[in-house]
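In TrEMBL this protein carries:
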BINDING   96-103, 109-110, 146, 200-203, 211, 227-228, 271-272  substrate binding site
ACT_SITE  97  active site, tele-phosphohistidine intermediate
ACT_SITE  200  active site, proton donor/acceptor
SITE      270  site 'Transition state stabilizer'
């Protein structure tokens, strides 16, 4: 069972566009900076400032009982701060959103922003149950409501009962108005970053069309080519290759550095953006990735250790033994 996470005193929480997430409270401050995500923590006491490393506790999760370590901060007897055993593992959870209203109607959705169905809500909650024992420090979603709903609903099942909070950095007013001024509330919060780069691939002129009617009109082979080829886009839309360029670049620039710093990350996104990320994680070829199927609402777990991604989940089938992060 996980030990309670130990935190230094914090106050307000802000997201500053290009400068990252900033925690400020009393004499302590933490800034997470994009493009490398260097973590800077300052500690001041009686006018003397020193730096330290933020560390938390140990938790075990998943069917394979993989340990995921978060650092733990501990002050030494002489007043300086030294870190305990350094973390070298982090969890990465991938969840494709639950069924949407246009999935139900068999329509091409792409980047059109439609919500979940009742079944999709249930899928998101079930996904949350499966990952409820895996630590989550940060959440990344697409800019689309079906992915954000999935992330939020999944976290209602988490054993730590922390609250996911979407960070707003559209303008200075949004940043100021969304500040949190309670230390205890910040400790029980998880920042959620929404990024358009994680959106579903844009289906161009197919968006809103019925899939069967489109196949009848253009031919099954042509529609299959648009949907399943790697580098052939639908009319005025994106190919999987184009979707992968933005999704993988964002993962490398913004998410992977968080894993390197020991953060446990959840990504709630879409079939094609997650397929693109899995292609990068598992080093799949363009032919292998087009046959990769991801079920809605089924979480996949990777362990990031010593610079490598170790897959603990599988997109093959939800019944495959020991591959998903089931809760006992």
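First residue shown is number 1, and so on along the chain.
Positions of Cβ are set from backbone N, Cα and C atoms, glycine also.
With the fewest other Cβ atoms inside 10 Å of its Cβ, the least crowded of the recorded positions 97, 201, 211, 270 in this structure is 211.
Counting only residues at least six positions away in the same chain, the Cβ atoms of 150, 269, 270, 271, 274, 294, 295, 296, 297, 298 sit under 8 Å from the Cβ of residue 96 (substrate binding site).
Long-range Cβ contacts of residue 102 (substrate binding site) within its own chain (separation 6+, distance under 8 Å): 108, 109, 112, 114, 208. The Cβ neighbour count for residue 271 (substrate binding site), using a 10 Å radius over every protein chain in view, is 19. In this structure, 99 is the one among the recorded positions 99, 200 with the smallest number of other Cβ atoms inside 10 Å of its Cβ.
For the pair residue 201 (substrate binding site) and the residue listed as 'active site, tele-phosphohistidine intermediate', the Cα-Cα distance reads 14 Å. Counting every protein chain shown, the Cβ of residue 110 (substrate binding site) has 21 other Cβ atoms within 10 Å. Annotated pair residue 99 (substrate binding site) and residue 200 (active site, proton donor/acceptor), C-alpha to C-alpha distance, rounded: 14 Å. Comparing CA positions across the recorded positions 110, 200, 211, the one lying closest to the residue listed as 'active site, tele-phosphohistidine intermediate' turns out to be 200.
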